[in-house]
């Protein structure tokens, strides 16, 4: 069991997950330990998400949190997979808004917070996958975990019961998969997750058919079945490889569209990456100083 300790108590924590499409964030007091995870998500004090082109609005969200808190500038923990340009823009804006903020850029490494990295080259593992696994390992220790993150890409990651990130799979996300069909064929229409969600809302999960009688439904059902099939096969492999207990955790922006099509028990989580960042902050992890700290 990893012993948690509070960061600098007078400084709140700003946790940032900068993904390929959106920037997710959470704000919490430093003396609040990473919570036990319950169905439905993690109870942050404040949280939100915005697309990359709303950085100005994002900063205002954070400014409002800080004004309400009435305390010192935050300790900021950032996971970025969207590239150095967005990372630098985030750091610059945070430095302008919060004088004295301490920034930490997290990267994948050989081990952290009780989790060992089983990648051949630990640095190659996506930061979001690594930090999300840190969060999941904290929430469900001594458990064989299948972590499904349904975002721009869909990732299936395995955490062994002994605390080793064993590896995983990367698939095109639901939206990317559906768009690829329309953009690389002459006659197939483009549909999105909204169409899939509306289709599923119109029928009970037990009534979802195995095939479709029109092109739009054939695309939607084909793509989501491909994703669900990969998850089911990986779930079976997890059970064959490791002793229990077992848990499948579903997160990411497309999780609600994928959930009705899964046939194994699973638990939803709003953001394992943010939970992992909070765990790292509470285990004394150093991270890499961001631009604001180096200046």
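Cβ atoms here come from the backbone N, Cα and C positions, even for glycine.
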Per Swiss-Prot, 17, 18, 19, 20, 21, 22, 23, 24 bind ATP; matching candidate in 152, 154, 155, 175: 152
Maximum Cα-Cα separation (Å), residues 119, 126, 127, 128, 129, 215 listed as binding substrate: 40
Integer Cα-Cα distance in angstrom, residue 17 (ATP binding site) to residue 128 (active site, proton acceptor): 7
Spatially closest candidate among 19, 21, 23, 152, the listed binding-site residues, to residue 127 (substrate binding site) (Cα to Cα): 19
